[in-house]
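Submitted below is the structure of interest, expressed as structure tokens.
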Amino acid sequence: MRLQKTTELISSDLQSTTQRLDSLEFFTGLKVIYLGGTIVEDKQHTPILSIPMKSRRTTRWDMFATWVGANANNGTWFVGGVLAACGFAVAMKVLVLSSALSYVFLSLIGYIGYKTGVSTMAISRASFGERGSYLPSLVNITQFIGWTAVNTFIAAQSVSLIFHQLLHWPLWGQPGGDKGLVVGILIMSVLHILSVSSGSRSVQLIERIGIVLVFIFVLWESVAVFKTVSMDQIIGWHVPAKARMATGAAIDYVAAFNLAWVTAGADFTRFTSIKNNAIHTPFWGALIGVVWFAFIGLISTISIAISSGVYNANNSDPSTIASKLGLGVVAFLVIILTSMTANAVNLLAAGSALSNIFIRLRLKYSLWIVVLLATIVTFIPMFVGSFLDTFESFLDYVGMVLGPTIAIICTDFYIRAHRHYEVKQLGLINGKYWYHHGFNWIAYLVFALGVAFFIAVHQMPFFANTVGATFVDMVLSGLLYYILMAIYDRKGSRHVN
């Protein structure tokens, strides 16, 4: 009887472990093999899974392909198109430099994932507190729902254009044009539900097909662009004075776009047993991916401005570009597929963050909730009247909340904790990372001040025309957090003595 009971307990534990690993495999697109590790789950513990070294199977090629593929999506093209407002030369400088600096933080978070074997949101428990980590989770939920909405809206425009070509429905912006866009959003939302409900193997298959089609589409679009204009014309094109974007604003937009991936860094690097694979590979993979695909969006938008004689920043999205270049229905279908594959990862990231807050909520139901929320958010540009304005406001929000969050996590691990966390203490009530009733209020204070600083200065001429506000905000947030926590630690040691 005891043997039977023990067998049942082991079976139950393995089933619970397998479910968690399945969700991790779904998120990363990588195969996870469970060879051991400890999951403690009782009234005094929140279950935190640390992947042991012997269970890690991610190769350098897996990691590189993952991060190149992370930026092979519609949003990256659109960012490149938005940067056209700076002119080609300035846009490329901003794209490379701001992206490289952003991905330094991806490497920093990547190393923490390698060192601890836990996800980024679990890592945030050490700096924000066990319950305080709900704040970074909420940030992740909102930003990944936002990226889902961005990709969905672009794909919905493609659906609308297909209906226009096949059924002669009016386009968005024309009388009665809302119908095609609404139907497109609803169709994409159904496809998203199917993609996240079908399991990791189906999603992996769709992603593998999708990434090949993306590369083909990029080459196809490049050929179409250079049939219309030359590279010399693109480099020599001048932005109309009224439409020019300030350099600092461009730096902030690119930083916000790239920092969005930083909060997912450890979720991938926890699966590698190679230190350099957690530090260097994500950096170069993500950098190559973003520069490559944003470059295509940049030259495509400029080519349309040159050929038409009119620059319109709203022509930056891939659906409009494909339409203007005359690429046809096949191109729209590729955009729809790439949106679906990119959003499978976005939705799972948001769903996982929601499950981190509501531990008893099953991942399946979390995914349904975030799909519903993303669908609602996707309709916002229809009421605002401009997708570009909505997108730029969203990037402001992302930079505003992610900058302080990432700065606090990195400062806590590398400077305060001297690159060592006690993983067994993560999730422990009244443990090392419990702070005050589960919250590190200093982290919350610094986060609030960081957000306030960004809001106050990001439109000031000095910041808007020079270095932007995001990276300055991160430096100041990290410095303030270190000083306040040093005072806190000193008081704590005196109290113990």
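Cβ from N, Cα, C; glycine included.
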With TrEMBL as the source, identify the stretch among 48-71, 144-167 annotated transmembrane segment.
144-167
Between the candidate ranges 11-32, 209-230, where does TrEMBL place the transmembrane segment annotation?
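In TrEMBL, residues 209-230 carry the label transmembrane segment.
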Going through 209-230, 250-271, 394-417, 438-456 one by one, which has the most CB pairs that fall under 8 Å from the transmembrane segment (103-123)?
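Of the candidates 209-230, 250-271, 394-417, 438-456, 250-271 scores highest.
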When only pairs 6 or more apart in sequence are counted, do the transmembrane segment (250-271) and the transmembrane segment (394-417) reach 3 or more Cβ pairs under 8 Å?
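The answer is yes, given that the two segments have at least 3 Cβ pairs within the 8 Å cut-off.
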Are the transmembrane segment (144-167) and the transmembrane segment (365-388) near each other by the rule of at least 3 C-beta pairs under 8 angstroms (pairs 6 or more apart)?
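Contact between the transmembrane segment (144-167) and the transmembrane segment (365-388): present, because at least 3 Cβ pairs are under 8 Å.
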Within this structure, do the transmembrane segment (394-417) and the transmembrane segment (179-197) have 3 or more Cβ pairs under 8 angstroms, counting pairs 6 or more apart in sequence?
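In this chain the transmembrane segment (179-197) does not contact the transmembrane segment (394-417) - fewer than 3 Cβ pairs sit under 8 Å.
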Within the same chain, where does the transmembrane segment (144-167) have neighbours whose Cβ lies under 8 angstroms from its own Cβ atoms, ignoring anything closer than 6 residues to its ends? I mean 6 or more beyond.
73-75, 78, 177, 180-181, 183-185, 187-189, 192, 260, 317-320, 322-323, 328-329, 332-333, 335-336, 339-340, 342-343, 346-347, 349-350, 353, 370, 373-375, 377-378, 380-381, 387, 391, 394, 397-398
At a C-beta cut-off of under 8 Å, are there same-chain residues at least 6 beyond the transmembrane segment (394-417) that contact it? List them, or none.
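Distant contacts of the transmembrane segment (394-417): 105, 108-109, 112, 120, 123-124, 126-128, 135-136, 139, 142-143, 146, 150, 252-253, 255-257, 259-260, 262-263, 443, 446-447, 449-451, 454-455, 458, 469-471, 473-475, 477-479, 481-482, 485-486, 489.
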